[in-house]
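Take a look at the following structure, please.
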Amino acid sequence: MGGRWWMKWYSWVILVVHVFAILIFTRGFLLTRTELPYYSHCSDVSQSPCFTSSNTNHSWNTPAVDRLVIIVLDAIRFDFVAPSVFFQEKKAWMDKLSVLQKMAFSEGSSAKIFKAIADPPTTSLQRLKGLTTGGLPTFIDVGNSFGAPAIAEDNFIHQLVENGKRVMMMGDDTWIQLFPHHFNKSHPYPSFNVKDLHTVDNGCIEHLFPALYQEDWDVLIAHFLGVDHAGHIFGVDSMPMIEKLEQYNFMLEKVIKILESQSEPGGLHENTLLLVMGDHGQTLNGDHGGGSAEEVETSIFAMSFKKPPTSIPSELDTSSCKLDLDGKKKCTSSIQQLDFAVTVSALLGIPFPFGSIGRVNPELYALGAGTWNLDGINAWDSSNLSELEEWLLNYVNVLCINSWQVKRYIDVYSASSVIGFSSEDLLHISNVYVEAEQNWAHTTKNLLLHRNERSHTLLPAFTRQIDFYFTFLSNVSELARSKWTEFNLKLMGIGLGTMLISLFIIFPAIRRVNNLYTTSLLSPGGSGISFELIFTFFIVAIRACSFLSNSFILEEGKVASFLLATTSIVRLRSSIMKKKMLFEAVSFLLLISILRFTIEVGLSKQAATSLFLSASPSWMLGVAPGHPLWTYMAEIGPILAVILLAILLCRTISSSIFGGLWKYINLGTILSYVLIAVYWGAESSIPTLALLLQGMATGHIPRMIYAIGLGQLLLVAVGHLFDKDSELDYKRSLVMKTVAILSAWSPTIIILSGKQGSLVALALIIGGYCIVRLESMEDSDSDAIFTFNPLAITQWNLLAVCLFFATGHWCAFDGLRYGAAFIGFDEFVLVRQAILLAIDTFGFSHILPVLGLPLLAVCNFLFGQNNHGKDFRFNQLSQMYMMYGLITATMVTVTVICVTIHRRHLMVWGLFAPKFVFDVAGLVLTDALICLASLLYSGGPTGERVPKTER
């Protein structure tokens, strides 16, 4: 009895140690920039050495536009807006926003399309924060607003309100969370229900058109969400996405007409600037959050209703041009989203946000017609300047203020924060700034003062001065991107050291279990080392080392499937030599091949919009794309699979092993499987099947399945409390409990995984069956240190990893299937949706594999080779769980080492940090499940001690 309690306490101790190590390391690794509680004020600019406006009491520079309309189209990809000629192949979703292209490329139009580059992470909250503050996003912001949704640091919206601008907002309610007291009028709509494509958009349209005729606002913000939600649910290459883009095109066409109709001299929108922009892009399967080109590239369409008199110098032009089919040249420019806040602030004449490190973009700034005059700049006579020289003088003045503001922020940040920049970096930045200011004071200003005495143009002097300011501002942004985070190496070292110590605790503990149950560690004459142990170490070491490369992390699913295939070949060799279980060995290898295929294009979410679905049927099955047979296969296959699961479970519980409460628990799972089949049939795209099930209340089926599953788990707990299994019944009880707990979890996991869920469940059953059968083929004393074959545990672990990727997940925030959190629910409740999302993410890869591990321990009993007692079985099961936990902890420890080494890597926040978060979450969940298993599978009181020589 004492040994069993030792095992339970050991499991909890390892969980606590790992949680402690993760928390300490995380505190050092994710410690990021400090938010400063300082704000810019109009009077501050008097400290600037370059300010030349006569309007010092009201603005930093002369306003160039009177009103601003910002229409945010969430998750707009660049290829949604730019002409298809800019891309190698035209896709169905391209050229749908035709009104923007028409305005941007028509003769005499003051409109331009920009490719806007965002900084990862590309979540909406971080992007809105970056757009309004002008700062870089961080994994975790540390400061006064830590843990609060509202933005506490200086931002563009705050400056609007402080300087008397009236702001109206409509759409995504995230704006209200970020700026709770900033809007004169607001019409927020809930944004978390990704299945709802229309509520937010229709609400925006309802309020947007009437507002364009009103005078009670200066800045109008309308945030549409339909494209983002359509991407999450259906992917980019889908009809709902096309319909959304067409709806947006119609809406934008009407907006432009309304603004143009009132843009005549004296009109309401005579000096209004229209911005249609995305906050981030999205991948083909509709996800975002990472740092891939698809996610960080979005668009800004800017349109002024006054035509600027001339174009800016070519040195400032970032245009990229292509010829369309008619031979007409079409050009788009580029802009960093980092530059948005300061550029718009300059156009409106308000102080730049205190913490902004962006620069005023020349092309967007030039679209404001008011920037082409020197009203308010009275330091010198500008009457002899050309229009272009006049604009350049205005822009140089704005850049001067921009550079001074950034320099001020860097100085204050370094003095105020314990996470400041190094003295070498500060010295370099200061030297670049001093060089720019000296050129302004000693060269450019002298040329202006003696303008009438010189015959040459001022354009070279202005462009040279602009280059100096650009150099300074780009140096600051590059420094911030590369060294913004100062990691606490001491805390990181403590966390890493604790993780390493935990590994050295687990392995001796595995051997200690043998002593507790008096089984011999070494076989008679054995060396203590077997081929399986050496090969297991080799496989685990290869996978661990792969984490040190960002390329192998991106291909982690393929690496896991390759290593699993390698172990299966070893099993196949053994099967051939022993002339036993050749069918199981070949089947397992075939299953791995299928999983390898699904990881890339088959069942995974990445395949939802890939070329595979449109091309592969033609060469694989001889079925043309869009053929009804392909639709029937995709719709009927999962339903048949879930029915097969019900049949298999029914046959399993009909055996003599099952009885009493445990049998009824499994009957609940069969009922849930039937409900899943009905639910999928009612949502089928096959008209006959959907019509047949039309009358059923399918909307409540997911909730019924969740309720049945919860009830089953409660019955399992009750059954365990009153289960007093004897020495002879322990193995029977272990099988009943394992099947019951797996069947209780499986319906919820399957329905959350979508129609791929039943097929993945079959793959898990087949894979587990093959591993168990092949394990029973080995001799019970094949290894001298363990009471089991460690290669089987390694295969079980690798199979779980393969299932994680085969279900469409990967270690990034855009790898989360957000739609799963709303299956059965429309409204958003944080805890409930978080639980459902976690079950979907870790169901097939963690919950079912860990809870199903006892099937390996009783493999001999399952196949009629019952020759060991109860203590031996619990000894073996304890060692198996320790080994499984050791493999998982080893992988996470290597991940910790990886992020420590690559903490300055370009992809640290886009790749390594998300990988770290997913891995540590999986480790904590695995440890918690092992603790649960130690309670559930420990059985009743132990019998007498086994003789020391018994194996």
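Just so you know, glycine gets a Cβ as well, placed from its N, Cα and C.
Annotation source TrEMBL lists transmembrane segment at 12-30, 491-510, 530-554, 581-599, 629-649, 661-681, 701-722, 758-774, 786-806, 846-863, 883-904, 916-937.
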Count, for each of 629-649, 701-722, 758-774, 916-937, the Cβ pairs lying under 8 Å from the transmembrane segment (581-599), and report the range with the highest count.
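Ranked by Cβ pairs under 8 Å, first place goes to 758-774.
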Taking the transmembrane segment (786-806) as reference, which of 629-649, 701-722, 758-774, 883-904 has the most Cβ pairs under 8 angstroms?
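Checked against 629-649, 701-722, 758-774, 883-904; highest Cβ contact count belongs to 758-774.
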Please check if the transmembrane segment (12-30) comes into contact with the transmembrane segment (758-774), where contact means 3 or more CB pairs closer than 8 Å and the residues in each pair are separated by 6 or more positions.
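The transmembrane segment (758-774) and the transmembrane segment (12-30): touching, no.
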Near the transmembrane segment (758-774), which residues from the same chain, at least 6 beyond its ends, have a CB less than 8 A from one of its CBs?
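Non-local partners: 571, 574-575, 581, 584-585, 587-588, 591, 594-595, 603, 637-639, 641-642, 644-645, 648, 676, 746, 749-750, 792, 795-796, 799, 803, 806-807, 844, 848-849, 852, 855-856, 859, 862-863.
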Most CB pairs under 8 Å with the transmembrane segment (661-681): which of 530-554, 629-649, 701-722, 916-937?
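Result: 701-722.
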Residue list, the transmembrane segment (701-722) vs rest of chain: Cβ under 8 Å, 6 or more residues beyond ends.
661-662, 664-665, 668-669, 671-672, 675-676, 678-679, 737, 740-741, 743-745, 747-748, 751, 823-825, 935-936
